[in-house]
Amino acid sequence: MQLTVKALQGRDCSLQVPEDELVSTLKQLVSEKLNVPVRQQRLLFKGKALADGKRLSDYSIGPNSKLNLVVKPLEKVLLEEGTGRRLADSPPPQVWQLISKVLARHFSAADASRVLEQLQRDYERSLSRLTLDDIERLAGRFLHPEVTETMEKGFSK
């Protein structure tokens, strides 16, 4: 379907996307067309802000719809990220997009959406439960993989 995204400064772009596309994917496309970083974007449809993890169809966005783009000042984005949530809390939207595509091959659109939402909740819960010791162990494995391999070989004998 064809969508028009109009920034408050007057610039706009037309995009061709499927009706069940993720908002995060749409933001990536808008970023490429209008050169507005994803993290500075806030998309609105009929005055309502669109959430990254939702699909366009969740908001009844149909063909030829017009979305408004509010560009958040970089200072505000950095402040929100610093106080509201850590940058590493969530994988890049591309990861969720790829997972969504895999799920779409095996489930109906509604079921795939529910599975993806549950996976995202589980991911966030797992991250929030990591202790500093867990993080230190993970960092050690990434920084010194040869030590981990040696230890694993020692245990397998």
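From the backbone N, Cα and C atoms, a Cβ is placed for every residue, glycine too.
Annotation comment: Swiss-Prot describes Lys48 as ubiquitin cross-link. Annotated domain 'Ubiquitin-like' per Swiss-Prot: 1-76, in sequence order. According to Swiss-Prot, the phosphoserine annotation covers Ser90, on the basis of similarity to another entry. Annotation source Swiss-Prot lists region 'Required and sufficient for interaction with BAG6' at 96-138, citing similarity to another entry.
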Around the Cβ of Lys48 (ubiquitin cross-link), other Cβ atoms found within 10 Å total 9
With DSSP as the reference, give the number of residues of the domain 'Ubiquitin-like' (1-76) in helix, strand and coil. 22 helix, 27 strand, 27 coil
Can you break down the region 'Required and sufficient for interaction with BAG6' (96-138) into helix, strand and coil residue counts using DSSP? 38 helix, 0 strand, 5 coil
